[in-house]
Amino acid sequence: MYKEIELTVKPEYIDEYKDGYPLICKESIADLSRLTKEGTIVNLMDSKKKFIAKGYYGIQNKGYGWVLSSNKDEQIDAEYFAKRIKSAIEYREEFFNDKETTAFRVFNGEGDGVGGLTIDYFDGFYMVTWYSIGIYELKDEVLKALKSSVEYKGMYQKKRFDAKGQYLDDADDFVCGTKADAPIIVKENGVNFAIYLDDGPMVGVFLDQREVRKTIRDKYAKGKTVLNTFSYTGAFSVFAALGGSSKTTSVDLANRSRSKTEEHFSINGIHVESQEIIVEDVFNYFKYAVKKNLLFDLVVLDPPSFARSKKVTFSVAKDYVKLLKEAIQITNRGGVIVASTNYANFGMMTFRDFIFKAFKELGGKYTVEESFTLPKDFRVAEKFKEGDYLKVVFIKKVK
Ligand code: SAH
């Protein structure tokens, strides 16, 4: 049994928690000094010692922990986690039955009732990500629950503990079962991806962009020249090439991006030589493209929220308008820019304002063709809509 303590919620926050708000905010707790050890189970009480909700203490950039239950008698044990995991699996039945897609999210934090914990599925392997020391303290119960709820080839884990969600590279990511090949090949809508489960913070693909990739392949790529910026392992380029693009150009600063992108082309039967892969700072590439009068029909912009290269520090919140303006200038009239961000601290409306501003400043005109937020497997909590961090807009450059 885990230690449980009582915490007093300030009066002005009580209604929020009663209404189901899942994040335990530092500001809402009157007696913070009672919190000493992460992983402690906390009972949120009003000043008259009446129970409101139960959660755990775990420090993340977002807050001080997550609510787990509104039932005061709930035991936070393997049985509790198994209940949550089973209902998460049920919610994703169509994914488990889909032979064309063998990589998806099985458990999405507070969207599935346990903030700070995600579980991804890669063709029989499970990847558990712990977002705080607090949830990691509960790992024995969580893993026991997962093992009893699924058939698995093997399990892996990633620790993202510090306030910025940085990956902690202190140990082997392998947990149990059989070890995965490096890489294993998974499928997404029939397309192959090479996944490395034990090779640093990222495994090779961001699963939340699945619908965007499919849309590019099925509706936007045919006959088009495609520029994929911040291309990582080239996932967007592969989908564009399979959708019949005339050529893709992938640009990423990281050296590894070349071999990873080549690998993704070749495991999908695409001629690597017919595609261009450029290892360079995107901002330099934009300058080069302008100088050479290069124009593209489809430009994908999916930068990290923060990036530091030798010369520039880029932050999505400050610099997206500038980034868009650079992209607009090398997009053909009638071409499409796929503008994307996973930055959680502004919403779709602010993002749409960035787009408006970028075109206005250039005297251009555009239409929005379609937009995307998180897909179904990245389940969002009813009372925590800000958990839907993804914003993707397909913008057609009219002028
Ligand atoms: N769009 C990718 C994911 C991008 S991850 C996908 O869908 O798979 C962010 C990538 O941006 C990383 O691969 C990183 O190497 C790259 N990056 C960061 N700063 C950059 C810069 N200034 N120029 C080019 N690439 C950069």
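Cβ coordinates are placed from backbone N, Cα and C, and glycine is handled just like the others.
Sequence annotations record features per position, and here TrEMBL assigns domain 'PUA' to 5-90.
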Composition by DSSP (helix, strand, coil) of residues within the domain 'PUA' (5-90): 27 helix, 24 strand, 35 coil
Local confidence of the prediction over the domain 'PUA' (5-90), expressed as mean pLDDT: 96
